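Chemist: Quick one: the structure is below, and I'll ask about it shortly.
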């Protein structure tokens with residue numbers, strides 16, 4: 001009997017069977033980073049979890065169109081550039097490169113499409129024009145705002161009462177708004193800020209419209225799955241629905257909405273505003289990235305995850321045992337075969353804790369097995385179970401010889417990329433400082449026609 005993927009759809013608050021609109025080309029959109037600073041480990045939970053989902057969809061359907069955006073125009077980016085006295089592109093190029101390196105270190109496969117907001121200004125402007133033409137948006141004092149009252153279903157994702165939402169918005173209401181709950185699609189830019197010519201004057205897009213336009217451009221008006229952190233459910237995802245469905249004649253924007261829970265640190269939500277973050281960049285310099293990935297998958301994605309050094313240590317110890325089992329099976333030839341119980345666990349709303357329990361069970365059986373056929377079967381299943389979760393893909397010798405500093409290569413590569421971005425922006429002081437930092441660590445840089453290479457002295 002074919003396996004059936006079931007996912008918790010936050011739109012309906014139910015676990016439902018998933019079937020794509022087009023089985024030959026399922027679509028997945030995940031909200032990506034705003035590249036103004038290092039990503040913290042809480043920011044990595046979604047990419048890791050939805051990396052497991054993307055791999056599952058590819059196995060099941062043979063294809064996938066997966067987009068995860070880069071927000072490279074935002075007031076936080078502007079503030080960071082002004083504070084550091086550097087061009088905005090220096091900030092966005094640097095942190096986009098670091099983000100990609102950090103995700104690669106965690107074993108996250110790049111999405112098929114990684115659209116950047118600044119490369120989609122014409123599409124954003126066109127969508128805003130469509131919303132104005134259909135009376136769902138209006139221009140006022142160089143701004144364009146979405147008229148929330150024009151969309152009867154506003155609030156259907158977050159289940160918030162529209163009157164309560166509007167009441168909460170009545171603090172310091174901008175005079176150009178017709179209604180306190182109306183949100184910005186386009187805003188004017190002063191000469192010192194990034195901006196583009198538009199029918200409403202020089203300006204830049206609001207955050208919400210960027211994702212709507214990029215999703216429609218690359219995946220069409222209706223996508224199968226939209227995913228992101230639960231903190232984005234309102235207002236970001238609610239506003240995406242309103243914009244997209246009004247711009248496309250009422251067509252459903254996303255059929256399934258998946259939201260991952262937050263990471264807690266010492267009992268409080270991990271966030272930059274609270275100052276209790278641990279960056280991926282720092283963590284992969286101190287711990288094997290695979291242990292961080294394991295830790296992120298250790299709780300069900302919809303539940304909060306309590307992050308601690310103890311959790312990381314537990315993940316390291318577990319991986320020591322699993323790689324030790326594979327090392328003991330070094331004399332057995334086997335190719336990865338994903339076991340049915342692991343697929344069944346992932347089919348059950350991405351139940352990664354159950355899948356990891358199956359990994360432990362298989363490893364336990366493998367350690368006891370004496371029969372050659374059983375050992376080969378169990379090694380194949382252990383490799384396959386790891387493959388489904390993005391784990392156990394190193395050689396055991398590599399894990400044990402470099403486990404303590406497995407993230408170092410990714411950290412060095414990120415610094416090399418950061419130096420290249422600094423040179424491009426003519427920030428030579430920063431570029432020289434990075435070169436010196438690497439030299440102090442015994443890393444030699446070689447500028448070649450193909451780019452910068454590095455090696456240990």
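Each Cβ is built from the backbone N, Cα and C atoms, and glycine gets one as well.
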Chemist: Ranges 269-273, 274-278, 279-283, 284-288: which does Swiss-Prot label motif ''KMSKS' region'?
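Modeler: Range annotated as motif ''KMSKS' region' by Swiss-Prot: 269-273.
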Chemist: Swiss-Prot tags one of 33-43, 44-54, 55-65 as motif ''HIGH' region' - which one?
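Modeler: Spelled out, Swiss-Prot records motif ''HIGH' region' over residues 33-43, not the other listed ranges.
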Chemist: To test your reading of the Zn(2+) site: which residues beyond 31, 211, 236, 240, same chain only, put their Cβ within 8 Å of the Cβ centroid of those residues?
Modeler: 207, 208, 210, 212, 226, 228, 232, 237, 239
Chemist: Across the motif ''KMSKS' region' (269-273), what does the mean pLDDT come to, as a whole number?
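Modeler: Averaged over the motif ''KMSKS' region' (269-273), per-residue pLDDT gives 72.
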Chemist: Among all protein chains shown, how many Cβ atoms are found within 10 Å of the Cβ of residue 240 (Zn(2+) binding site), not counting that one?
Modeler: 26
Chemist: If I restrict to non-local contacts, at least six residues apart, and a C-beta distance under 8 angstroms, what lies near residue 236 (Zn(2+) binding site) in its own chain?
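Modeler: Sequence-distant Cβ neighbours: 31, 207, 208, 211, 228.
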